[in-house]
Amino acid sequence: MQQSQSVCVLGGGTAGWMTAAALANKFQRSAVPVTLIESEQIGTVGVGEATLPHIRFFNQALGIDERAFMRETNATFKLGIEFCDWGALGDRYIHPFGDYGLPTPDNDFHQLWLRAGKVSKVSRLDDYSYPIVAAEAGRFRIPGENPDQIGSNFGYAYQFDSNLFAKFLRGYAESAGVERQEGKVVDVAVDPESGHVRSVTLDDGRTIEADLFVDCSGFRGILIEQTLKTGYDDWSNWLPCNRAVAVPTELNGKPLPFTRATAKTAGWQWRIPLQHRTGNGHVYCSDFATDDEALKTLMDGLDARAIAEPRQLFFTTGRRKKFWNKNVVSIGLSGGFLEPLESTSIHLIQEGITNLIELFPTGELEPYDIDEYNERMGLNFERVRDFLLLHYVATQRDDSEMWRHFRNLTLPDSLQEKIDAWLTRGYVLPYEFGVFLPPSWIAVMLGQNLEPKNHDKRADRIPEADLLRYLEDIRAKTAKEAEATPVHADFLERYLADAPQAAWRTT
Amino acid sequence: MDQPSKKPLRVLIFGRGMTAELTAAALAVGLGSAATCIRVGSVAPAPDDILFGNAAGPSAYDFFQSIGLTEPRLFLGAPTSFSFGTKFEDWPAPGRSWLQSFQAPIETLFGVPFHQFLRERSEGLSPYLIAAAAAEAGKFAHPPEEQGHPLAKAEYGHHISPEALTALVGRHPAVTAQERYLSDGAEVLVEDGEIKGLKLVDGRTVEADLYVDCSGTERKLASAVGARFSAARTLAAAHSQAALTSPPPAYRTVSLQSFGYDIDTPLQDRISKLRVFHPDQKQEAVGDEEALTFETGHVEEAWVGNCVAIGLASAVLEPLTPAPMMLLERAVQRLVELAPDADDMSVERREFNRLHANDTKNASLFTRALFVGDDFPDTPFWAEAQGSDIPSELDRKLKQFASRGVLVQYDHEPFDAEDWAVQHFGIGRRPSRHDAQVDQVPTDDIDRALTSVRTTVDRVVAAMPPHHVYLTKFKDYLTRKNLGQS
């Protein structure tokens, strides 16, 4: 057996407890000692209440019962994100978790649809997506088992209270042997020779040593930045939003199975329905709106009574120059920040944890492990960045300084080429490694009125009448499946009615 | 009835041999009446098709199917045989032989990549791979569709005869229907970086919107529009055929020689033999026999102006792996997908070139990795093979595997993680550490699980028929059912 490492996780928010729980689960037998330091005096940002379908694999890997988890975190199901006012004021579309139509042997479904649109009036592409049609009707059910069938070829995620998720995972992690230390870090000892963090000292004088530190201390980056001075790549030139103000409201009606992101004049506003309340927030750029204006925008855009005081957040979009530096791995906001327009915050935490587990050090730290981790996480961040930027630049809006700023922006080549290929022939430049695959790009580009001039010539081989009949068949089946789907709130109620208790004590 | 929305694209396909015929068939079938294909070139094999090394990997199956080259046609219309991979003999040094088998994704064991459990095991990966074990035993059977069956994990390709395929595809109705000029010589008329037409030997000029260069290593059209070939090394190859002296196995054999290597590919009725060597070692390799001298490398941009280079005209890789055929398949499929409008091809050209660059780079990494080791002979061929720089992408792959068995993959590589694992273990690379999660599993459990996999592989292989028996019965069946014409 290779030598195991002791780990100290600094910070007990979503990132910290996800990391601690996963490490405790994965390294049970070799008994990697995991200590987590958190202070109840320090609030957590509670990033991302909305998630991507990948979170289900995280929970499954930890053996977490879905219903117990949903009940404890006030979770709702999520089929996608509704984007309002992005392409133009008054527009709306849903970016679904799933493909459009059904797979066809020689053509992407959207290419058939593009061709059909040239010869006849066809329904919107959304009408061939079960998760969109179901979401619009406020319906939900778990996908069937055959992914080639309409009504089964989609994914789903959750909208949950991330503070409750952290608490839930705390129970899991502590029952799996993670030692929690209450306290604030007041000092950090660094080995003068190696430059590695040797120990942290808490406000009550205790010192905690570890071989590996995972910095989940949020924007402050106590170890990765304040101590190791790792540096930060500032991406504000691409994504200039740098502040957010958030406020929860009472639930207005039954919770919908999707998140909403509404474009504003200086940013955008989120709306995330949970079982017991709705999370709201306004992400904006301080160059284009004052804090007071941003708050007013948020409050004016609420559809129910606020139930807490608004909270202000400050950030700089970008990434740490090294996510893993020396013996410190930064996971969560300490590693970088990308606005939660596509619910990627928790996903990037998950990616960080998955890669850390695969490259988990054994014995002496190996530079190869560190280099590989940094390569992978860098690619993840960059590809999410390009996808987020697409939302701001695929627009006809010019009604504010912010939108005019984006209209004049020179895009990264990778993104510009992607847009050009789409506009020319509905082609999506593919990549294999990255969270957003072609259907996501199609959803946003088409949803924001980037209409391709041409289509794939292979779509021309199908006789027009056959093509239209095929499309209509898919549309009708999609509508029928959605109609037969229960209302989300009803499904949720039934699904969670006899949810088991978590196998551990939640705090 | 096809109803294209625009005037058909006029595509001129220049060249002869397998690339030209496959491209012509794929464009005809894939684009239907959206394109009109014109052929310039004789119906004849191309001498440099030997550089495909007779190897078509699993990915060629769908490609062949898409143009009507079903297995019945491949086996009754050509001397095709089955392939579980390539056996590298005495590679990198005498005594080390291993099978680069085709393999579906290897299942994880206890949630950890399978190969992570093999670091300290001398047997390597092959005994756990159904295709490798079956090939070594001289067995073959079609993998069943039932996913739970152990044999379903085996993937297979084909040993092909480019010459026979050229003739076979040349008889494809969609190909015979094409307007064809049986001329191998032509003057390329170029204006402002674009081809305006081909002036044939008889004085006629043929014009098109898009020109596809399938002229192989000659690169006649691509050179005319200024495509730059980035050469890696100069090699020579001699091809011959030999009679079968024993039942043919379902694998190619690449055996290392001081002057280069020999590739023996068993076809149904003969062995196709290819000797690849350094030109300075010609005497040692083939004496005064004739040989084809060629440069490995690739054109920096496969699509220049209105001319697209396909196959050996775009890249020449050593025929050690099915990479030459894989690149051909990908390029043809890409051209069908990106078939442009005549008036503006800029977007399609850029994307085609991006993917061409990725494919050639990634395939070259796999080939280059076959020359990484300390024990290769000290001769001109091997010194040169090992002498070129190791690209940073390959360096990362090798270092990560050596460090702890991590299989680094880039976007859409022709060779997947399994291919790389098989090569690393086969050539004798071992990680110095393993995934920390391996230590979570008790040793007894690992032993039991590995034994179980091996036992299953052995049991399934034992029940499989010999390749030549299967081949004979398969052909009998196809003939009886008259499927070769279907």
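In case you wondered, yes, glycine gets a Cβ from its N, Cα and C as well.
Owing to the predicted nature of the structure, the values given are computational and were not obtained by experimental measurement.
The active site annotation in TrEMBL covers A:K78. The FAD binding site annotation in TrEMBL covers A:G12, A:G13, A:T14, A:A15, A:V185, A:L333. The annotation 7-chloro-L-tryptophan binding site is assigned in TrEMBL to A:K78. Residues or ranges marked as L-tryptophan binding site by TrEMBL: A:E342, A:I346.
Pairwise Cα distances among A:G12, A:G13, A:T14, A:A15, A:V185, A:L333, the recorded FAD-binding residues, top out at 19 Å. Residue pair A:V185 (FAD binding site) / A:E342 (L-tryptophan binding site) shows a Cα separation of 33 Å. Within 10 Å of the C-beta atom of A:G12 (FAD binding site) sit 26 other C-beta atoms, taking all shown protein chains into account.
Using CA atoms as reference points, the recorded positions A:K78, A:E342, A:I346 were checked against A:G12 (FAD binding site), and the closest is A:I346. Considering only the recorded positions A:G13, A:T14, A:A15, A:K78, the residues lying within 10 A of A:I346 (L-tryptophan binding site) on a C-alpha to C-alpha basis are A:T14, A:A15. Put plainly, the binding-site residues A:G13, A:T14, A:E342 were compared by Cβ crowding within 10 Å, and the winner is A:T14. Across the structure, the residue listed as 'active site' and A:T14 (FAD binding site) place their CA atoms 19 angstrom apart. For the binding-site residues listed here (A:A15, A:V185, A:L333, A:I346), the lowest count of other CB atoms within 10 A around the CB belongs to A:V185. In three-state terms derived from DSSP, A:K78 (active site) belongs to an extended strand segment. If you draw a 10 Å sphere around the CB of the residue listed as 'active site', it holds 30 other CB atoms from the protein chains shown. Residue pair A:A15 (FAD binding site) / A:E342 (L-tryptophan binding site) shows a Cα separation of 18 Å.
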